[in-house]
Amino acid sequence: MCVWSFFLRHSVLHQRILTLSWKLPCLLQLTGVLDDCFCDVESIDVFNNFKIYPQIKKLTERDYFRYYRVNLKRPCPFWPDDGHCSIKDCHVEPCPEVRGHSLPHCHSFSSTSECEQAKELGAINSTLSNQSKEAFADWTRHDDAQDHFCELDDETSPDAEYVDLLLNPERYTGYKGPSAWRVWNSIYEENCFKPRSVYRPLNPLAPSRGEGFYDWLEGLCLEKRVFYRLISGLHSSINIHLCAEYLLDEGWGRAVWGPNIQEFRLRFDTAETKGEGTRRLKNLYFLYLIELRALYKVAPYFERAIVNLYTGNAEEDGETKELLLRIFNEIKTFPMHFDEKSMFAGNKIEAKTLKEEFRLHFKNISRIMDCVGCSKCRLWGKLQTQGLGTALKILFSEKEIQNLPEHSPSKGFQLTRHEIVALINAFARLSTSIHQLHNFRLMLKEKG
């Protein structure tokens, strides 16, 4: 579909968003073309909020995508564990055994004292029905994933278990302070590329020395700029989730969650962030385009009849795949995808070395997620990091995907169930962030 017909279909919605954005304070004067690509913010808003978000939300509520197998007990490999978040909402509810089902079903626990409840919610039950074990063992036998961009959890580990993502939503848990700071500082300072002449901390939360924070990016090659922008975009997305689902009231034994405009301003307002808020949000859109492109590229993998999103319920499995393919078809209509061919396109030896360095840096970041002190934050950090890693794996496997056999498994390119669930949920988190960003625009407009 040509660019012009796409905009004709959405011109009214597009104009509505443009009109709204110009009436807002400088905080959200987020318009125009993004750096390192040829797509504009307004087009992404229209496409995501009216086409993708409603469908991706439904998809992540299906059984195949709502259960994520994760090991939350792996020790931090970089520094001693400094304990978990002290409030109960940081802990993850595990899936107890339910016989007769191919996937576990999770239930809320009864309310006890805060300390007892924290201990109970933190105790992960890793048991599964025999039928479940057989189903996932079958998936494992067909896994032939390679070139991992993430430090994958050992799926055979007794500490790895299934978590119901719908019962453990990503939201503000109170996890902050030195522990959270150290995680993000390690990600930015030890894993992002920067010129040797730059001494200013890359962590956007660090105190500024006065020079332009993003000036140093101009001297980096595209690949290294992309790497930083991916991490910054992920950071921004997570911050939006925490602002949109903030703990507003914990009184009378029942927590109240909702949007916190003041917290949003602290993280993204131009005045509060010394002009960096808009850059952070643009990096969110950039990350969205990267993962959108990966979904576009991997569509042929899922369009094959041999790929079955197995849960044991044939009717539901068929409906789940049909919904996934509808989303892929929507993605194909978007006219301004990121062009990954411009990456690693120089000298072959240098490009290969840089690609490997790129992969190892990202893999190290996935290991840092085991240092997150809050269980629920760790869960979503690991999932979104693995989802992005899977997206990069897809973008760097174009030839393998093009040569996939129609009616038999391929040894050249495979995705595990674990990677598929992470890929879709990670993109759904980005889609949710852009949708929530629109909601914050509306709330800010009402406040004048």
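Note: Cβ is positioned from N, Cα and C throughout, glycine not excepted.
Here Cys374 is paired by TrEMBL through a disulfide bond, and of Cys243, Cys377 its partner is Cys377. In sequence order, Thr173 are the binding-site residues from Arg171, Thr173, His235, Arg267 with a C-alpha within 10 Å of the C-alpha of Cys374 (active site, nucleophile). Neighbour counts of Cβ atoms within 10 Å were compared across the active-site residues Cys374, Cys377; the minimum falls on Cys374. Comparing the Cα of Cys377 (active site) with the Cα of every entry in Thr173, Trp184, Ser232, these being the binding-site residues, the smallest distance points to Thr173. Of all the binding-site residues listed (Thr173, Ser232), Ser232 sits in the most crowded Cβ setting, with the most other Cβ atoms within 10 Å.
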